[in-house]
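Right, one structure below, let's go through it.
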Amino acid sequence: MGSSTGYIMTISNSIIGVSVLAMPFCFKECGIVLSSLLLLLSNILSRSTCHFLLKSAIISRRRNYELIAFHVFGTMGKTVVELSIIGFMMGTCIAFFVVMGDLGPAILSNVFTHIRIETLRPFVLMGLAIFIVLPLGLLRNVDSLSAVSAATILFYLCLVLKMIAESSTHLIQGDWIYQVKYWNPGGLLQCLPIFSMALFCQTQLFDIFESTPNLSLDRMNQYIGSAINMCTGVYMSVGFFGYIAYYKLVNLSGNVLLSFTPNPSSEIIKFGFVLSVAVSFPLVIFPCRASIYSFLFRKGHSSHSHYEAMSHATMVSGGSHHIPESRFRCITLFIIFVSLLTAMMSSNIELVLGLVGATIGILICVLLPTYIFVRISAKPTTERMFAKFLFVCGVCVMFLGTYANLSATESESTAITALPSMFGQKKNEGEMMLKLAETMNINQNFMLQQQEMDNKIEKPNLVKPNKKQDAVNQLRQDYEKKIQDEKNELDKANGMKVIGSIADQKEVKSVRESANKDGVNEGKNVIGKEKVDEKQNNNNNNKKCLSPKE
């Protein structure tokens, strides 16, 4: 592998991380066009701040973040940078362990079905820490990680292919075109911090380039630009194809691994993701170790001449090589095991990690690089004005990210909404996976128990609706028949004949007319009397009863 390719792969591995898992969610919340635009703006922001930081190092003739801060701000500025890097990197290590602790046991539980996930978690974390993280963390030269970084980038390309396969059905049918979102500013607030932190690598720059002190600024900018462009392409691909694959889901998770179709390839992708996070630890440990050593063991040396000599030694030998072997190992063990214990003991650190990412992350990756360049570059150039503009943008992102984190925490919404940073995102994704797995197991057990109970319970023989209706109709018919019989008995008792048809009424009318013609007056009287009786006995039947006199 060529040196340039190795540098690009190492930088790419330091940039890309678990933020890629949240891209489908961000694309759904903001829309395809707006999300792509935000990623491009984040690309420009990250490349510009890296350029300003490297150019400041060349102008001040320092190749260390802490030394540049000391050159510009003095001892206080150096201390602020050291503490910021330590907090930022330790938070990242804790988040890495949390994610591995949530994904690893879930994968192994498919093999060891008789062991609970909570029991597997500490053993998985300790195994990864001892056999993968610690050996890689003890390396002094970042350039030796180029092969591992290339393998990690290859895995993320496999993740892109998996997303394409998951979305192939919708892509072929074309049913997504009129149903997905393209521009939705309503989700900007909660996704802006994720987009802004997705492509940052400022804290790892000097550890990556310390082994090549003769690289020019243009060549370093070229390597950084290639790495950031590669990561931007991966983010866009995973976000777009992941959104197309799962756009019908009402609640798309912030961890796209939860939405995978259950099959062997999905388990392989999850396992590869755990390994990619594990081999990315050294790129986080390197700057954290250098800052801890500088903060603890160089605090008494405050003279400017001492830092000038230290800067020269750093340029000659490299940042990690000047740390004594015993202190080098002790600091490495401290970083790994403190992060491990914190991840194992803490179960609710989303708010802390989110605030750290939204404040310290923006401070160390945007605000300080731009402000340092403004202070070092005295001439009113276009770059200086652009640095001031980015400084203002960084302040806005910091406040918006903090507000989004606090608002999401108070409302106890979906885990990803409480993440204004890379840290909170990593932690909450792992927590979501564990909680969802437990919920699925509980629901499955409940359904099985409910089914068994239903089989044991003897169901009562209920009368069907049609039989009940037949019974009601039969009762109604019997009642009507009884009423009719009583009426007929009453009519017979009175010696009357019931006439129920129109034809009979006409016949009676003709008989009445003939009787009138014959001058039978008695018939008229009888008819009149019968009419009175009819009104009294048949008020509701509207029938006329006549009885001619013989």
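Using the three backbone atoms N, Cα and C, a Cβ is placed for every residue, glycine included.
Look at TrEMBL and you will find 7-25 (among others) tagged as transmembrane segment.
If you look up TrEMBL, you'll see 8-404 marked as domain 'Amino acid transporter transmembrane'.
Residues 15, 23, 65, 68, 180-185, 187-188, 191-192, 195-196, 198-202, 205, 209, 217, 220-221, 224-225, 228-229, 232, 235-236, 239-240, 243, 365-366, 369-370, 372-373, 383, 386-387, 390, 393 of the same chain lie 6+ residues outside the transmembrane segment (31-54) yet bring a C-beta within less than 8 angstroms of a C-beta in it. Taken from TrEMBL, the feature transmembrane segment covers 31-54 (among others).
Long-range neighbours of the transmembrane segment (120-138) within the same chain, counting only residues 6 or more positions beyond its ends whose Cβ lies under 8 Å from a Cβ of the stretch, are 97, 100-102, 104-105, 108-109, 112, 145, 148, 274-275, 278-279, 281-282, 285, 328-329, 332-333, 335-337, 340, 343-344. Per TrEMBL, transmembrane segment is recorded for 120-138 (among others).
Long-range contacts of the transmembrane segment (145-165) within the same chain: residues 1, 5-7, 9-10, 12-13, 16, 20, 24, 136, 139, 230, 234, 237-238, 241-242, 245, 256, 260, 265-266, 269, 272-273, 275-276, 279-280, 282-283, each at least 6 residues beyond the stretch ends and with a Cβ under 8 Å from a Cβ of the stretch. The feature transmembrane segment is assigned by TrEMBL to 145-165 (among others).
Summarising the annotation, TrEMBL assigns transmembrane segment to 227-248 (among others).
The transmembrane segment feature in TrEMBL is assigned to 268-288 (among others).
Taken from TrEMBL, the feature transmembrane segment applies to 328-345 (among others).
The transmembrane segment feature in TrEMBL is assigned to 351-374 (among others).
Residues annotated as transmembrane segment in TrEMBL: 386-406 (among others).
Marked as coiled coil by TrEMBL: 469-496. Regional average pLDDT for the coiled coil (469-496) in the model is 73.
According to TrEMBL, the region 'Disordered' annotation covers 507-550.
Here TrEMBL flags 507-536 as compositional bias 'Basic and acidic residues'.
If one looks beyond the transmembrane segment (7-25) by at least 6 residues along the same chain, the residues whose Cβ comes under 8 Å of a Cβ in the stretch are 1, 35, 46, 95, 99, 142-143, 145-146, 148-150, 152-153, 156, 159, 163, 191, 194, 197-201, 204, 208-209, 212, 223-224, 226-228, 230-231, 234-236, 238-239, 242-243, 245-246, 252-257, 259, 273, 277, 279-280, 283, 416, 419, 422, 425-426, 429. Within the chain carrying the transmembrane segment (227-248), a Cβ under 8 angstroms from the stretch's Cβ atoms is held by residues 8-9, 11-12, 15-16, 19-21, 23-24, 26-28, 32, 35-36, 39-40, 42-43, 46-47, 153, 156-157, 159-160, 163-164, 166-167, 170-171, 176, 179-180, 198-199, 201, 256, 259, all 6 or more beyond its ends.
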